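TrEMBL lists 422-446, 461-482, 494-517, 537-555, 582-605, 617-637, 649-672 with the feature transmembrane segment. As annotated by TrEMBL, domain 'G-protein coupled receptors family 3 profile' applies to 423-682.
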Amino acid sequence: MSSVVESSVVDHSFNSRTHLRRFEYNPCSTRRCRQFLVSHFLKYYRHYLAAIFAIEEINKDTNILPNITLGFHIYDTCSSERQTVANITYGTQDSSFNDRIHFPTLYNTMTSENTQDKVIIYLLKTFNWTWVGIVASDDGNHHIRNEKLKVQIINSGAACVEFFIVVKEKYLASMFDSIKTIKKSTANVVIVGINMRDFFYIFWSLAENSERKIVWIFLTITSIEFVNYQITALNGSLLLELPQGNIPGLQEFIYSANPLKFPRDPITASLWDEMFFLPTGKGTINNRNETLKTFEEYFPNFNTYRLTYNTYVSVYALGHALHNMYMDSIGNRLDPSKFLSRFMPWKIPHSTCSKNCPPGSRKILIKEKPICCYNCIQCSEGEVSTVSDMENCVKCPKIQWSNEQRDKCIMRTLDFLSFEDVLGLSLALMANFLSVLTTTVLIIFIKYKHTTIVKANNRELSYYLLISLILSFLCFLLFIGWPTKGTCLIRQVVFAIVFTFSISCVLGKTLTVVIAFSATRPGSKLRGWVGTRIPKCIVLLCTLVEIVICSLWLINSPPFPEFDTESQRAIMILQCNEGSAFAFYTMIGYIGLLAFICLFVAYLSRNLPDIFNEAQYITFSMLVFCSVWISFIPAYLSTKGKYLTSVEIFAILASGSGLLGLIFIPKCYIILFKPEKKTRIY
């Protein structure tokens, strides 16, 4: 069983350079055309034969519409809408034809303008063309179409439109204005929406005496026919073309076409009369060599046809649609991959209002300029941008910092006072030297403990003071090296208690001098206080107060190790946070209070008849001690990192050295070098 399915495959009137007589055969038409106008008639006849060739192939293919034969009628619309019939179009791109309410019988196989707009937007984004121009025609449909494209480009954020030129056909003034606008512009990418005649007038005017390279993007190419020199001049521009492909057997089919093969075809008959100058008007063949191969120069490479190929594919689309509809099954599909265009490698031109902001910088908009126009500024310190054209820089994590180029976060330099540093090593050597020196003094005092100079002014307090000085010099070990939770917790406490004990011993020695000489006065009530009991109690009581202060500090807000990333750029300081600044300065303030009391008492007793000048030496040592710690406070507040720790270590060593040098070194000198002066008789 077989049946005939009639379909009409018409897109537009086939134009030619000559006026052909009207068709004699048109059984379904209610109106005859007076003439048939064709431009480049061989090209359009090729489209016509491609449709017939596709129908014949479908009829021979058992996999598409088996037992069903497709037939066709050829109509001429005579450029009249009343003559049109439902059709599949392969040439129009107007998106308005997708409206099924107003155009229910039209089936478009061409990509619509909306799709074409998406392609252009994709191109602009892909090649980073953010600064473009548009040249539009004043024709109503084309003008509206280009206006839509402009709006879509701006709304999508793909680019900014520097200029939108409307070229009026046949108006030279409009052409001149367009040329001036393009010459003054900085956009190197221009979207073309005008006819080729007007375009090439503008193009050659711009190309003359100019080395500027402009990438032209052509919206519609169905009517573009470039000759070789034009293709060369436009090298690098883009054509949004229809897919091209090979149609096996079409060449032989076209060359075999003649009025004998299509006896009832008025188009072939009329074409034959014109091409071979036959006067009969019947499309007869006078010579068997009369084939279209005679005009093969008008049929270039069959693999590059676009509209012809699109016509061929359109018929196949109809065949497959009918197959799915009639057979209720899915047939074999064409492989879309073979329609992919092949692109040759080429250098991508640039078309931007501003140069790309490289990594390490960010965009800053220019006032009264489109958003595509901007300046570039380097990211701030501690911030980076890893890709081009970033609007905001990204802040590095706390443990990292930006490199010099501001395009990468790198680990911060870790900073703390260590024994490997020159500063840390110098302080360590100084502390060790003072510790050894103090130990030597202690040994000397123990060896000569029975001498008058050692026994005078409370020998036991001298031992305690020397031992506390040794400990104070050694407590620097808690300040140098990697701060840990344990070292941060005890270092200030150890320093405070040891130093408080030292100052308490000095205060005890000073009170011993005052009590001793005051008790010698007749009727003095201080005779009962003479001895070591009162000074020892003073030392114990003063030290106990400092222990209470430190205990409350550790209970309420103990020190802890921390990373300081705010004080210095690109450096992460590992330090001990004292926890409570109030507790820390209370501890330091208490030591200072004891030092001032000791200085005051020593100053009052400076004129007492002490044969070894003990009160004077204590006065000078306390002056040194107070001067060091008064200077310590502003220095401590103004330094950060390892220098903060070194300032405190230096204050400990300097104040301890003052006590050692001014109280004990003179006595050691007498013991070792002036033995005759170490007796009471002297």
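Each Cβ is built from the backbone N, Cα and C atoms, and glycine gets one as well.
Counting same-chain residues at least six beyond the ends of the transmembrane segment (422-446), those with a Cβ under 8 angstroms from any Cβ of the stretch are 454, 459, 462-463, 466-467, 469-470, 473-474, 476, 480, 642-643, 646, 649-650, 653, 656-657, 660, 664-665, 667-668, 671-672. Mean pLDDT for the domain 'G-protein coupled receptors family 3 profile' (423-682) in the predicted structure: 83. Using a Cβ-Cβ cut-off under 8 Å and counting only residues 6 or more beyond its ends in the same chain, the transmembrane segment (617-637) has close neighbours at 503, 506, 509-510, 513, 588, 591-592, 595-596, 598-599, 602-603, 606, 644, 647-648, 651, 654-655, 658-659, 661-663, 666. Long-range contacts of the transmembrane segment (461-482) within the same chain, counting only residues at least 6 positions beyond its ends with a Cβ under 8 Å from a Cβ of the stretch, are 416-419, 424, 427-428, 431-432, 434-435, 438-439, 441-442, 445-446, 454, 490-491, 494-495, 498-499, 501-502, 505-506, 508-509, 512, 532, 535-536, 539, 574, 645, 648-649, 652-653, 656, 659-660, 663-664.
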